[in-house]
Amino acid sequence: FTGVNGGFLLSYPESLSLDSSCFSSPPVNFLQELPSYRSIARKRTTILSRDKQSGTLLKPTDSYSSQLEGEITENLDNQSIRKYALNISEKRRLRDIQETQMKYLSEWDQWKRYSSKSWERFIEKAREVTTHLELWREDMRSIEGKFGTGIQSYFSFLRFLVLLNLVIFLIIFMLVLLPVLLTRYKITNSSFVLIPSKGTDIQCTVYPISSSGLIYFYSYIIDLLSGTGFLEDTCLFYGHYTIDGVKFQNFIYDLPLAYVLSTVAYLALSLLWIVKRSVEGFKSNLIRSEEHFQSYCNKIFAGWDFCITNRGMADLRHSSLRYELRADLEEERIRQKIAERTSEETIRIYSLRLFLNCIVLAVLAACFYAIYRATIFSQEHMKKEIDKMVFGENLLILYLPSIVITLANFITPIIFAKIIHYEDYSPGFEIRLTILRCVFMRLATICVLVFTLGSEITSCDNYSCELCGYNQKLYPCWETQVGQEMYKLMIFDLIIILAVTLFVDFPRKFLVTYCSSWKLFRCWGQQEFAIPDNVLGIVYGQTICWMGAFFSPLLPAVATLKFIIIFYVKEISLLYTCRPSPRQFRASNSNFFFLLVLLIGLCLAIIPLTISMTRIPSSKACGPFTNFNTTWEVVPKMVSTFPSSLQSLVHGITSEAFAVPFFMIICLVMFYFIALAGAHQRVVVQLREQLSLESRDKRYLIQKLTEAQRDMRNRLD
């Protein structure tokens, strides 16, 4: 008996050969009994009929193999044989064909072929070397094996932010800081170009730099923590760059334009980098969006890394696979529980969720109002003489908004974590909803602080602001003061992370380990590594960096050092004070969602930056934009120096007549790709159905063969 379907071929000796009498129906009717044939006949529609006519369903394996071989033979010039899913003998045969074809090529074509191969080998070797030089590679593997891919994705995300901030710092350093340093220290033959006087009122140009005189020993500490005193007039803040440009031998470097371009450059780079990584994560999610049975099979039969030769690494890989299977089983349990709910239980759970979301909104409103009142109070009392305040009072006034924001960020995740347990979501959706609530809380607090400062800067109580356009009496250099607030938020956030690790996590571990006989400590339990809270902590810090880099150009360098410290602190805390969470989370979905949250933070950071650059008048007492009404005016000034034809082109591109058609074209392209993605998804579904039907055909044929063999044995007996 011989049965062929999708490459399935079985043959037996003559002693066990079967004829058509073994079956009760002719061969044609027998083939029509196959599950694949029945399924197609049952599901026949217009689309499937068209697909069947085009040959997309149930292609014979032999014709497919010949077609694949022909395609490979035609593309030997520009494709690598290694990428094709063929056995070793077939690859060797194709390689022989390739070498034979080489003899009949011209010398130029042979040189191009060898050059292409050499370049591909170089790229592969470079990728291998880059993999070995990857930052914190061994730490990542150790964390993945001990605590799963969910926690490992947090540290991978933290590493990405370290690299991102380092690149942002290099952009600002090259465009803004380097020309100033080269001129100040006489490294190059250049000089500063002072800002020409434009008839600005003398009252608007007064900038008394705050200084405590460094009388008390704690003044250095206060200045270091708040950015005032000796730090205020350094390259750390905006007010230090009060020059119009740098004059080199052959040209004048326009510092105001470079300052704006550096801001636009790091925001655009951040957007493109995040979108690129998000697309990679989205592709990974599409690939992994498989049936649950397929997911289990892939992990069990194809999840092992055969390059592992070290016993320790093998144990880590075992542990990582075990954690992923636990996450799958937990999500499957939640799905089964949701499927078994009655209508009364569904109504009850949705009513409970509505009530709990009202509580969440009330908590958010209370936090926002507290931050608003703390900012107003701090700004009103900040101008008191430092000599009249003691050390603790001074720090409290300076850090009051940061303290309130940090307390809100510390308390609300605990409240949200308690609330989420009663809403009965799956682990994956639970972490996403918790992160969304926390990200709205953390990022909205920064926006509340910035908009409160903006309202204070542009409002005057007892006199008119028409002279300078802003409250010059309280904010002579408002950009530097906003930068100081961002600097204080960054430093205070780092202090809180270190304090919680040293004075909460480690004592808790000690008490739970050595005082376990006490019921209180036993109920308290060992610390779990909370992924949502930790991710939101670094997204919060990165949003502060994006928002404050314009007002404090060296803030990305501070953020880079901060994230490096956080990495080692969190790793030590994870290894020595934390335990694996009973609920495991998959990294493939988490990575994409972390980047989505980071993208939300970037969008929220762009809003106040755009308003401050285009709407609020720039300071007349400090900074490179003292002769401009707003920061963005330097861009139209630059465009006015272009040739008339180029000016017309720029004005045309930025006009509504170009924007509306461009937006419509973008929408059409987007709709096209959406339709294309839908078509590809349908093809994927059809191919999966084909694979499923082929497996069912094989099982059916084996069943029929077994029955035929049993009938033959019965006849022989």
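From the backbone N, Cα and C atoms, a Cβ is placed for every residue, glycine too.
Listed in TrEMBL for this protein:
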- 160-182: transmembrane segment (TRANSMEM)
- 257-275: transmembrane segment (TRANSMEM)
- 354-376: transmembrane segment (TRANSMEM)
- 396-421: transmembrane segment (TRANSMEM)
- 477-588: domain 'TMC' (DOMAIN)
- 489-508: transmembrane segment (TRANSMEM)
- 557-578: transmembrane segment (TRANSMEM)
- 590-611: transmembrane segment (TRANSMEM)
- 658-679: transmembrane segment (TRANSMEM)
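Across the domain 'TMC' (477-588), the prediction's mean pLDDT works out to 82. Counting residues per DSSP class in helix, strand and coil order gives 86 helix, 4 strand, 22 coil for the domain 'TMC' (477-588).
Packing against the transmembrane segment (590-611) from elsewhere in the chain are residues 149-150, 153-154, 156-157, 263, 267, 270-271, 274-275, 277-278, 281-282, 284-285, 431-432, 435-436, 439, 443-444, 446-447, 450-451, 454, 531, 535-536, 539-540, 542-543, 546-547, 550: each is 6 or more residues past its ends and has a CB under 8 Å from a CB in it.
Long-range contacts of the transmembrane segment (257-275) within its own chain (CB-CB distance under 8 A, at least 6 residues past either end) are made by residues 164, 167-168, 171-172, 175-176, 179, 241, 546, 549-550, 553, 556, 595, 598-599, 602, 606, 609, 613, 624-625, 631-632, 634-635, 638.
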